[in-house]
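Here's the structure, in structure tokens; my notes come after.
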């Protein structure tokens, strides 16, 4: 039996990161977590490129653009969608997750879903670097592992 796994080294990896400007007080912490993870695992700062978009809904189209270029080993998508009093949360959360998954499958590039979908601001803050860890860091770990696994399987 053969078992395949991706290494947890970012040396030589080129990573694109897309960050939603909406809820920037949260997303900037997710971005910092992603960059910290990539650098701790050997990525060079010159191999990390960041695109800011207005909101989470705009993430998939830029993910598609970045994944289509063929220069990124992975694309990390970061955002924070927080439930409000209207159904807007449900529409945005659903479409962003579908869009990100579609791009990854279509382009065969790891496109990592690091978009927080929380009921409260407090939950988002917890997931952006306090008691629930930093989901931006976690998304970068997934990007590293998946990028290396894709290389093993090529």
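For all residues, glycine too, the Cβ spot is worked out from N, Cα and C.
DSSP assigns residue 81 (5-amino-6-(D-ribitylamino)uracil binding site) to a strand. Counting every protein chain shown, the Cβ of residue 81 (5-amino-6-(D-ribitylamino)uracil binding site) has 25 other Cβ atoms within 10 Å. Under the heading 5-amino-6-(D-ribitylamino)uracil binding site, Swiss-Prot lists 22, 56, 57, 58, 80, 81, 82, 113, citing sequence analysis as support.
Around the Cβ of residue 127 ((2S)-2-hydroxy-3-oxobutyl phosphate binding site), a 10 Å sphere holds 24 further Cβ atoms from the protein chains shown. Feature annotation from Swiss-Prot assigns (2S)-2-hydroxy-3-oxobutyl phosphate binding site to 85, 86, 127; the stated evidence is sequence analysis.
If you look up Swiss-Prot, you'll see 88 marked as active site, proton donor, on the strength of sequence analysis. Neighbour list (residue 88 (active site, proton donor), Cβ cut-off 8 Å, at least 6 residues apart, same chain): empty. DSSP gives residue 88 (active site, proton donor) a helix state.
Listed in sequence order, the residues of the same chain lying 6 or more apart from residue 80 (5-amino-6-(D-ribitylamino)uracil binding site) and placing their CB within less than 8 Å of its CB are 20, 22, 23, 26, 27, 30, 56, 115, 116, 118, 124, 128.
Counting every protein chain shown, the Cβ of residue 86 ((2S)-2-hydroxy-3-oxobutyl phosphate binding site) has 8 other Cβ atoms within 10 Å.
A separation of roughly 12 Å, to the nearest angstrom, links the Cα atoms of residue 127 ((2S)-2-hydroxy-3-oxobutyl phosphate binding site) and residue 81 (5-amino-6-(D-ribitylamino)uracil binding site).
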